Each structure stands twice: as structure tokens, then as C-alpha cells.
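Peer 1: Take this structure, written in C-alpha cells, and hold onto it; I'll ask about it next.
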Amino acid sequence: MERRIFGLENEYGVTCVFRGQRRLSPDEVARYLFRRVVSWGRSSNVFLRNGARLYLDVGSHPEYATPECDSVIDLVTHDKAGERILEGLLVDAERRLREEGIAGDIYLFKNNTDSAGNSYGCHENYLVGRHGEFGRLADVLIPYLVTRQIICGAGKVLQTPRGAVYCVSQRAEHIWEGVSSATTRSRPIINTRDEPHADAERFRRLHVIVGDSNMSETTMLLKVGATDLVLRMIEAGVVMRDLTLENPIRAIREVSHDMTGRRKVRLANGREASSLDIQKEYYGKAKDFIDRRGGDAVAHRVLDLWERTLRAVETGDLDLVAREIDWVTKYQLIERYRRKYDLPLSSPRVAQLDLAYHDVHRGRGLYYLLERRGSVERVTNDLRIFEAKSVPPQTTRARLRGEFIRRAQEKRRDFTVDWVHLKLNDQAQRTVLCKDPFRAVDERVDKLIAGM
């Protein structure tokens with residue numbers, strides 16, 4: 001697929017703290033957070049003017065789903081816009097708490113595990129053609145996805161019975177099967193529930209739920225960009241080596257616990273390979289593919305970062321990507337802190353630092369401290385992120401949805417929207433079904449808006 005539709009959904013961890021003690025239950029905090037949303041949207045599940053969806057997910061986790069994007073750079077920008085929107089709700093909720101005499105700070109974390117060991121996710125969505133063999137897609141993707149954490153994990157200090165260890169992925173401990181149609185009970189690598197949110201005869205939506213949430217813009221670019229390249233190769237019929245894993249679930253944990261990328265995992269054919277071996281195989285194929293077919297600036301940037309990350313892991317010279325890959329950035333931050341204060345990895349102060357990296361409050365979060373210092377590379381910029389808070393991508397269906405919502409709100413009309421429907425709740429109940437996510441212009445929608 002030359003042009004692909006991408007979408008990211010991020011669930012956020014939420015807590016309210018007063019002098020180090022939890023003051024409100026996550027449920028109550030979430031209600032405060034969403035009070036402003038409910039006051040104008042009459043619901044805690046709304047679509048916004050930028051085409052995105054914001055809602056309270058299972059277990060009081062605020063979730064932001066980006067609008068449909070057809071470029072990875074746009075996707076990164078819109079994912080960050082979601083962070084800013086939630087940061088705005090946080091500031092608003094803290095103010096309201098103070099007015100009600102409840103002292104405390106609300107924290108929103110863009111991470112994947114809380115201290116109680118609960119996991120919440122970052123889900124990636126890729127539009128793929130309906131004609132292909134979905135089973136083959138999964139077969140080729142799973143070894144790639146299991147080992148991909150070595151290039152785009154968010155990193156985590158894991159407390160184990162044998163002491164603390166630094167893992168490259170947060171999600172890996174919580175994945176229980178390879179391919180499944182459930183997302184919460186047993187967490188699979190690829191979710192097959194067939195809701196394309198598009199013309200079902202032409203498209204399928206590949207729903208990848210194994211990835212970590214990223215703070216780093218460049219890590220996000222690599223995560224989605226490399227996956228897109230792998231999908232393009234599968235779609236083009238590139239012959240891939242059979243790297244089917246004997247036990248993907250055991251492998252995903254083994255890979256996560258090995259920062260060197262050298263630990264061997266068993267393949268179904270009886271051979272063994274390390275996460276580095278497997279990633280190098282996919283990277284090599286992708287590089288040949290782009291060398292032969294040509295690629296845009298984004299594809300070249302993705303390949304460059306992919307190669308450097310693999311080299312950094314292989315040589316142990318993590319400085320090569322310390323400004324670009326989340327788990328490396330965080331690992332070096334923790335190591336510097338430990339050396340300075342002579343702390344063991346199991347220290348609560350290290351756990352605090354680990355968490356603070358994911359704080360989305362720009363005046364408080366450690367990732368944003370690094371960004372202000374110019375210590376991390378970027379893909380987008382603050383102006384584009386600010387714009388994306390209210391302006392949808394202009395080249396996809398999100399433009400139609402965003403425009404419809406904006407006009408209906410300005411005219412104070414009652415409306416209902418989802419990913420494919422735009423409906424005016426008047427006597428005529430006029431509804432437009434937008435089945436093509438690539439279409440940013442539609443005269444039926446223009447007519448609907450004009451008739452408000």
C-alpha cells in the first residue's frame with residue numbers, strides 16, 4: 001500500500017497525590033479530569049474538532065485515539081497533540097480540586113504499567129488491503145513485533161524476586177498470546193477483531209497491541225515507520241525467511257530482559273536466533289526494498305535510525321541513539337542518577353525517576369525537562385502540535401469529521417459521530433456514511449454542513 005492510514009491509541013495512567021499520599025481513587029480523579037469534556041460533550045466519550053476520539057476507558061484510564069493520518073510525521077504530531085489536550089484537562093482539574101478545598105497534584109503518565117502491576121496499552125492501527133492472506137501477515141509480523149522492543153521499547157525497572165532488572169519493554173510482561181480477538185483479558189500481540197472502520201470489502205485494520213507508549217518522537221517514528229516498511233514488503237510479496245518462534249510469549253519476555261540483544265530464542269524449526277539477528281534480517285530486507293523501489297525522506301530516516309539502534313545495541317555503544325530511543329534515554333538517565341547518589345537499581349528513588357519520565361505535565365515530567373534542554377531529537381515541533389489540537393489532518397477522512405464537528409458546534413446543532421458516520425440529530429436524521437478513510441473531500445458532507 002503506497003499510502004497507508006495510521007492511527008495510535010494511548011491509554012494514560014492517572015493518580016492524585018497529596019504530600020506523597022494518594023488522596024482520590026483513580027475513578028474520582030478521572031471524573032474530575034473529564035468534567036470539562038462532559039460539560040460540552042454530554043459524555044465521557046467524545047470526538048473532537050481535530051477528528052480524534054477522547055474517552056474514559058476500562059479501569060478509569062483516559063484514552064486518546066488520534067485521527068486517521070496518512071503520514072507517520074502527522075501521526076507523531078497528533079499523538080503529541082493528544083498529550084497536550086490531556087495536560088490541559090489535568091491543569092483544569094487541579095484548579096477545580098483546589099476550588100473545592102482538596103489539595104493535591106494530579107499526575108497523568110503516558111506509560112504502560114502501574115505500581116500494582118496493572119497494564120494499559122498503546123495500540124497501533126494500520127490499514128491493510130482485504131485481498132491479502134491475513135494469516136501470512138501475522139506469521140511474518142509476529143517475530144518482528146516480538147523483537148521490535150529492542151528498537152522502540154520505553155524501558156522499565158522491573159522488581160523481581162531476584163532483585164531489580166532493567167527491561168527494554170513495559171508491555172512485554174503482560175502479553176499472553178500471539179493472535180486473538182480480545183484486547184483486555186488475555187493480551188495478544190495482534191488483535192484480529194475485524195472492525196475495519198472502513199469499507200470492509202476493501203480494507204482490514206491491523207490492530208497491534210504489543211507496543212509501549214513512547215515519549216520520544218523519534219522512537220514513535222521508528223516504531224510505526226519500520227512496521228509500515230515490513231507491511232509494505234509483505235504486501236509486495238517479498239520472500240521472507242521463516243523466523244516463526246517456537247513460543248512467542250516466552251520469547252517476548254526473554255527479549256525484554258536482555259539489553260544486549262544477544263540472548264537466543266528458539267525458532268519453530270529448531271534453530272535459535274537472537275533479537276538482534278531477527279531485527280537485522282528485517283532491517284536488511286527493508287533496506288534492499290527501499291534501495292530497489294525508492295523511498296521518501298521518512299523511509300530513509302527510519303532506516304537510518306533502525307540501523308543505528310541495532311548497531312548501538314550490538315556494540316553496547318548506547319550513546320549512538322541516547323537522544324532518540326526511549327529505553328536508552330531513560331536507562332542513561334537512571335544510571336547517571338544512580339552513580340551520583342550511589343543507589344541500587346531497586347531503590348524507590350529510582351522507581352520514582354522511572355515514573356517521572358512519563359509525566360505528561362511539561363513543567364514536571366523528566367522527558368520534557370530533557371526536551372527543554374535540547375537533549376532529545378524531535379520529529380515535529382510545538383507549533384505543529386498546538387495546531388493539531390484543533391485542526392484535523394487535511395488529507396484523510398478526519399478532515400470531514402473535524403469540519404462537521406466544528407460547524408455543528410458553532411451552529412449549536414445536536415449531532416452524533418463515530419469513525420464512519422456523521423449524523424445530524426434533527427427530524428430528518430440526516431446521516432452520511434464515510435467508508436473511505438483516504439477521502440478528505442466529499443460533497444455529501446459539504447451538503448450536510450451547508451444545510452445546518
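Quick reminder: no glycine exception, Cβ is built from N, Cα and C everywhere.
OK, Swiss-Prot features for this one:
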ACT_SITE  ASP57  active site, proton acceptor
BINDING   GLU9, TYR55, GLU63  Mg(2+) binding site
BINDING   ARG53, THR66, TRP419  ATP binding site
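What does the local environment look like for each feature on the list?
Peer 2: For ASP57 (active site, proton acceptor), the same-chain residues that are 6 or more apart in sequence and have a Cβ closer than 8 Å to its Cβ are GLU11, GLU63, TYR120.
Secondary structure at GLU63 (Mg(2+) binding site), taken from DSSP and collapsed to helix, strand or coil, is strand.
Sequence-distant contacts of ARG53 (ATP binding site), defined as residues of its own chain at least six apart whose C-beta falls under 8 angstroms from its C-beta, comprise ASN45, VAL46, PHE47, TYR64, ALA65, TRP419.
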Peer 1: Distance between THR66 (ATP binding site) and TYR55 (Mg(2+) binding site) at the Cα atoms, whole Å?
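Peer 2: The separation of the Cα atoms works out to 12 Å.
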Peer 1: With DSSP assignments reduced to helix, strand and coil, which class does TRP419 (ATP binding site) get?
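Peer 2: Assignment for TRP419 (ATP binding site) reads coil.
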